[in-house]
Amino acid sequence: MTYSYCSLKVKDVLREFDADGRLAQYRHGECIDEHGFRLFLKTYLEVEDFPADLCQRLFRSFQTSDQTKTVALREVFLKDVSCYFSLLEDGQPRDKLEFAFRLYDRDGNGVLDSSEVDRIIAQMMHAADYLGWDVSELRPVLKDMMTAIDSDSSGTVSLDEWVEGGMNNVPLLVLLGLKMTQKDGQHLWRMKHFNKPVYCNVCQNMLLGLRKQGLCCTCCKYTVHGRCANRNPDPCTRTYVMSKKDIGVSTHDWVSGNCDSGKCDRCQKKIKSLHGLTGKRCVWCHTLRHDECVNQEPSECNCGPLRDHILPPWAIYPVIKERTNCVKNSCSGVTDDTDHNTTPDGQVLQINPVPNTHPLLVFVNPKSGGKQGERVLRKFQYLLNPRQVYNLSSGGPGPGLCFFRDLQDYRILVCGGDGTVGWILDAIDKASLPVRPPVAVLPLGTGNDLARCLRWGGGENSSLCVLSRGGLKACELCTVSLLIMCSWFVFMFKSPCRMKNKLWYFEFATSETISASCKKLKECLTIECCGVQLDLSNLSLEGIAVLNIPSMHGGSNLWGEAKKSDRGGQDLPEVIVDPEELKVSPQDLSDKRLEVVGLEGAMEMGQIYTGLKSAVRLAKTSQITIRTKKPLPMQIDGEPWMQPPCTIHITHKNQASMLMAPQSKSSGFFNLK
């Protein structure tokens, strides 16, 4: 399945609801009903149809208890809908601030009066409440913030005041959910509440209030009051040096304060911060020192325990103008979003790695099954150089692969589910890298079957293994219904917890056991392996699975353990379909073969998961052709859809280097070594 980004913006769709627009009849004052909401989605997403149940759920999410007192129960404010969708779009904060101004300027007179400002404050209160803040302490801060934006004290806020004030008002951007354009030396703020005494790095006073809330920089942990964020705080840590002559000059980058209970690296005494900011912490090696111990030797920074993985600023420098085009051309096969890898004056950044290190390139999918990606993203931005860490929802993997492409010895860490890993491996293929780096997995999905096969848990030790990958091509493909997929994603977003997602799996499996929608599967499809057609006539199957790893659906080994084989070092044939030979054929990640198994029903999966039995082994092959005769539910890496009749070709594509964690040592009494 392929996805495409919609070309329309929210402001384009809003024009359709104007008096002379084609959707004007569905606008009732400032509101739209459910049918108008559905037309909004269809126009914005540029689709012919949209699942009714998903539309209904989204429509209800815009209805609030306050709203039902002022508008009809079956209507929502068009401005609320457009505001939320506009915040999801990519774009500059200045453009979004201007769009937000137009939305909240209800009378269209070009200024925000007191009632319109109150509505903005209410929106920010709603955002803060969603983030778990104590909003009772926040309202006066927001009022002061909005008053400060009114620079001429006229009692109203003009567009220029709103944009200029907003661009320089960090708390406003954070609370409105607008992403700030990050530049070197600029803090990456997020709202946070602290469970211990913390001092502001600007005014040096303690963060007060029930929950000690303030703004904290993700990269350097610089902490401020909301009101102090605009008072010219010290710059964030640098991420690169200004010229090539500074390459290799390693120095500490100290941040003051909030080192309470830590031990000084020089005198080995505790750092106490009872009455203000005391102590300093290095951003790169995370060493703690008393203020008076900072200037003592050694002054060089060794990047601490993570030195093998960190790309320090003295390993990155801007490329001179003459070489810029050459570097850009080497990345022509990747996405064009390279802002992450350029300086403000447009020069491309180049890496000169520290000798005998293996820099880590991190890709994080914040939308993977466990919904833990945002926290993982922030953690790696703090532990490593932020230029090593890429949010896959902002530009994909292309910029990161382009930035690291000339390195000879580096590693890739994929933080996400199995689908995310497949995405990165495909991107590596398309990028035509001079060196294919090994890939490790930090499992954030629901099933994480690939991570299970590679034994990834806690720890960093690993060995290199080769993973065989399959390629899939569907022919005679009709329009695919997104109803099942959309319904599943509704459940996923509603319950991002892994355990709840697995309970949904259980509910779906129970329903399928009763309905048996794929009974007599042998009458609905044929399977051909390297030209040999499989005989399914004597089997009562309700499911077919094509495997290249020994784990599926969150840890189920469908192939099962194999008996000892007498084949020895002989080469595998292109296809094995003999049942007796399949019994002694083990599953191997690197044998360039795919396994085909049959499932007798949903209840059988419970027995397979507990190890009581395995699925029916049908074939071991390098090429598979499946021809279906009626619509059937299918899934790849846990993403389901309803597939019309088609022909599917699956072949061995290539092999990828993956990092496998060491075998865990048993701590049982009878397994002592």
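Backbone N, Cα and C define each Cβ position, glycine as well.
Here is what TrEMBL says about this protein:
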DOMAIN    92-127  domain 'EF-hand'
DOMAIN    137-172  domain 'EF-hand'
DOMAIN    186-236  domain 'Phorbol-ester/DAG-type'
DOMAIN    251-301  domain 'Phorbol-ester/DAG-type'
DOMAIN    355-484  domain 'DAGKc'
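Secondary structure of the domain 'Phorbol-ester/DAG-type' (186-236) per DSSP (helix as H, G, I; strand as E, B; remaining residues coil): 3 helix, 14 strand, 34 coil. Helix first, then strand, then coil: DSSP counts for the domain 'Phorbol-ester/DAG-type' (251-301) stand at 3 helix, 10 strand, 38 coil. Summarised by DSSP class, the composition of the domain 'EF-hand' (92-127) is 26 helix, 2 strand, 8 coil. For the domain 'Phorbol-ester/DAG-type' (186-236), the mean pLDDT of the prediction comes to 82.
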